[in-house]
Amino acid sequence: MNTGIRFDGVSVAYGGNIVLDALDLTVEPGEVMALLGPSGSGKTTALRAVAGFVQPVAGRVFIGDRDVTDLPPHRRGVGMVVQQYALFPHMRVDANVAFGLKARGVHGAHGARKAPRDEIAARVTEALEMTGMSAYARRYPRELSGGQQQRVAIARALAVRPGVLLLDEPLSALDAQLRSGMLAELARLHRDLPDVSMLYVTHDQIEALTLADRIALMDRARLQDCGTPQDLYRRPRTEFTASFVGNANLLPVTVTGDGVRLAGAVLDVPAAGAAAPGDPATLCVRPHAIGLGEGPNALRGTVTEVQWRGATHRLCVDVAGHRVTADVRELHETSSLGTEVTLHFAARDAVVLPATAAPVGPGGGAAHG
Amino acid sequence: MASGVRLPLVRVAVPARPRRIPAWVLALPPVAALGVVFLHPLALVLWQSVSPDGGGHSFSAYGEVFAQAAFRDALRNTVLIAAGSTAGSLLLGFALALVIAFVPFPGGKAIGRFIDVFLSFPSFLITLALLFVYGTAGIANGLWTGATGAAAGPFDFLHTPWGVLLAEITYFTPFVMRPLLGAFAQIDPAQLDVAASLGARAPRIVRQVILPEALPSLAAGGSLVLVMCLNEFGIVLFTGAKEVTTLPVLVYGKAILDGDYAGACVVAVVNIALSLALYGLYRTLTHRIDGAHRART
């Protein structure tokens, strides 16, 4: 089965307002691609373009080798899971799961024949077992918890054995504990179904980092960055990526011949093409990569805030007018506000980014989280 | 175990509870008003139907009326037209409400709001409008004669049962649409999207997703239209359908034209009984549908 998704210059507009701008993106067969971005970034529109609920004004959408741009939704052969589950309230769980099998036949998107009843029953049972919902087959959706309803929604989407599974913020209606459990369930499902390509829309970086093989980062209707979670986290290419994927200290620096200068201190961090010597740039260091005390790339400043976070302490330090956040192991003696401290970080944990005219995205120069 | 300690008796002042007015006292004024305004005239109709003009009390008027072919025709016309109009209004109302709610088109919202205005129109106004369009001297026949040079147009059905049916369906369809539009607004659009992504075409989505959700509203609109159609007078009168006599028209004829008050009251009693019986049957059926729907959702 040749699955996978390809956006080929796809643009979508509502009444002249561009909500998805020339998206070029490929989801490989069996890959989990997270579309991550803030509200209004165009990620859900991209998903709906694959499902066939919005018609691109430009570009083509491919599922496998098929150009599905002009196909109606019922002929695209995708499975879809949405935020509020969208279970059919008047149908029992098994009828919900059987809906797609009856609608399109057991062979999937192009199955012309109707599914025999016993085949449908077997596929319903299989899908419910896969999601751990076998015991609830005869219940109505209203008799289930939010997490159980979401499992049924996933079973319903998987029962038709789609080559492509579209998930639109599927966990955002769940509480934190359930979300964590469902995230593990989704990861297990992906391992069990290695041929299914998944397009996973979320604004939650943890979900994206945990589940995705690659993350496509979107902002203001455009694809801003795309890469593996590790790449985007460890070696972000833009300030937006650095601030949206994980927490980051984004500090204005000036590139020198052998490093960067921050408020008079010369730091041994290779700029590596981010900017020419003498040009402004942005230094990105993750809060957990910063240590307390003397070391390489030392920064001296004044403690402005101390937060106890269980296993760690978060220190906010004013370094020459710039707020630097450091997550350090739990301190036995916490620094009091106004204390002078020294922070340091290893060169390998820092990245120099091209400077932008204005702070981009959440964070905007300081770590969040 | 006795402690041997004697506690002083203290008189505590208990605040007086406000005297509550019994519920039946509160219910008395509206029930009395209902009795005077509605039940008393109804009782008079019942009483008159068993009080022949010759004096005394008997059911002879019932026997006489039931033996009349005109009464049997009116009864059949009433039931058939009401059932047909209700079925037509349900079908047309459901289809139009579907389009307005789920098929985006310019002016759709304005049409939805116009439905509310339409409900306030008197029934004879719609009939009058149909006369202007389909009457023997109406627009449709005028266009036909103008185009073909014929002496008369082909549209000549308003005074037949079909004309009454058309007028009633036209007038009562919005009464079905209003609750349906409300029900459709409650359906999560994501359900329709997911159904389509699962391979369902529009007819299946309507049949298996939308219709079950809309059944209680459909039942409510249908029961309302059924009762209104059973008692509709203005439309039948304004279509000038001389061959179409319904029970309300027969009541009018007996009471006003023939001066047969006992006979008119008999027909009125039958009309009331018929309305209550059909409405009761309809509600029993729809209650089961509604009950099953509530149990599921």
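Just so you know, glycine gets a Cβ as well, placed from its N, Cα and C.
Automated prediction, rather than curation, is the source of TrEMBL annotations.
Look at TrEMBL and you will find B:75-282 tagged as domain 'ABC transmembrane type-1'. Feature annotation from TrEMBL assigns transmembrane segment to B:21-47, B:79-105, B:117-137, B:157-177, B:214-241, B:261-282.
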Q: Quick one: find which recorded stretch in B:21-47, B:79-105, B:117-137, B:157-177 has the most Cβ pairs under 8 Å with the transmembrane segment (B:261-282).
A: B:21-47
Q.
Quick check: do the transmembrane segment (B:214-241) and the transmembrane segment (B:79-105) share at least 3 Cβ pairs under 8 Å, counting only pairs 6+ apart in sequence?
A. yes
Q: Six or more residues out from either end of the transmembrane segment (B:117-137), which same-chain residues have a Cβ under 8 Å from its Cβ atoms?
A: 152-153, 155-158, 163, 166-167, 170-171, 174-175, 178, 232, 234-235, 237-239
(Q) Should anything in the same chain at least six residues away from the transmembrane segment (B:79-105) have a Cβ under 8 Å from its Cβ atoms, list it; otherwise answer none. (A) 111-112, 161, 164-165, 168-169, 172-177, 180-181, 184-185, 192, 206, 210, 214, 218, 221-222, 225-226, 229-230, 232, 244, 246, 274, 278
